[in-house]
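Please read the structure below before turning to the comments.
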């Protein structure tokens, strides 16, 4: 068995490709079921966010393993291998373990140290738990990863500064507008990212916010917290002209705001400028909106420069975090390798127990026949010693006879002969 990590992320692929490789939450269960039908896949976790899509797998080794997994990914998303081959990365065993730990700790994020990714990894893990798609080694890996991420947060300052995609979106708005307090803001969606955006804006005294969401209940809870108005998604067209700033992050597979909708809004606004920030993957706002005069459209990739400006203070903490990940990765791999000896140890113990039971039975029979106890004990000790050292003695003789000094030393080490 082997552990694998396969995926694409913001470093290897543009949003135009990433949005084609995302797994919808509504169909994730079917995706996992389909993945587990692949001959070599024994267990799997699918992590799909706006910045990355990754498969973490426990697999049986085979010559065509990589091609098999890539073919499945392409077939599922109706892509050709040529479209994704240059953007895919592939990690195995030690590298896969290290990669997952780095991802969950925020070390591989667009925003170094951002905390949201850990919750997303936990959610992906829980989904595989529900689908009974985990093996013992994969489950142990994720549980270990969660403790590593917690240790990174506790022992370093990687998460102390308020840097995130949500924060970057708000920073962009503050750079374009002198003051946000009197502006009207439309937030589309009510997930974790929009929650963070809403709280950032609320902290900057934004007084007029609208939240458009598919389900009113989730949006209402957030609206009550930040003093916003809730509107249905269907009302966006009618209310868009009221918005100076639009920030969107939903899980919709198709754009929610189109070029024509924005054109009508700009006309109603008498061409007063509108900032639109699309931090969804797949995109919520048609990219052609960026061609309109007075419409300033930014995608999640455009936020990268802003984010980089807030990174310096996290770099030192990241070095500490990397040391923790390396240490914990080595610990996990040692545990994983030890699992390979479990069956051998079990057999060895069973064999020793059988020989002990045989010697004990012979001793009890001798006592029952009236043989003196002292003689029985001496014979028991002698026979048990001979039986237990018989196999190691033969191995030592064979190693010495063949001149295999390395094997001879290994046997000496395993028998503890150099520790007395």
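We number each residue from 1, going along the chain as drawn.
Just so it is clear, glycine is given a Cβ too, placed from its N, Cα and C backbone atoms.
Sequence annotations record features per position, and here Swiss-Prot assigns active site, nucleophile to 50. Residue 50 (active site, nucleophile) falls outside any helix or strand according to DSSP and counts as coil. Shown in sequence order, 18, 165, 193, 249, 279, 280, 281, 300 are the residues of the chain, 6+ apart in sequence, with a C-beta less than 8 angstroms from the C-beta of residue 50 (active site, nucleophile).
Annotation source Swiss-Prot lists substrate binding site at 49, 50, 51, 52, 109, 114, 115, 116, 120. Close to residue 109 (substrate binding site) in the fold, though at least 6 residues off in sequence, lie 51, 103, 117, each with a CB less than 8 Å from its CB. Under the three-state DSSP scheme, residue 109 (substrate binding site) falls in the coil class.
In the structure as shown, the Cβ atom of residue 194 (NADP(+) binding site) sits within 10 Å of 26 other Cβ atoms. Taken residue by residue with DSSP, residue 194 (NADP(+) binding site) is part of a helix. Swiss-Prot lists 189, 190, 191, 192, 193, 194 with the feature NADP(+) binding site, giving sequence analysis as the kind of evidence.
The secondary structure of residue 99 (site 'Important for activity'), as reduced to three states from DSSP, is helical. Neighbour count (other Cβ atoms within 10 Å of the Cβ, all protein chains): 21 for residue 99 (site 'Important for activity'). Annotated site 'Important for activity' per Swiss-Prot: 99, in sequence order, evidence recorded as sequence analysis.
Over all protein chains present, the Cβ of residue 192 (NADP(+) binding site) has 14 other Cβ atoms lying within 10 Å. Proximity of residue 49 (substrate binding site) to non-local residues of its own chain (separation of 6 or more, Cβ distance below 8 Å) is seen for 117, 120, 281, given in sequence order. Shown in sequence order, 106, 153, 159, 164 are the residues of the chain, 6+ apart in sequence, with a C-beta less than 8 angstroms from the C-beta of residue 115 (substrate binding site). The secondary structure of residue 120 (substrate binding site), as reduced to three states from DSSP, is helical. Neighbour density at the Cβ, taken as the number of other Cβ atoms within 10 Å, is lowest among the binding-site residues 51, 120, 193 for 120.
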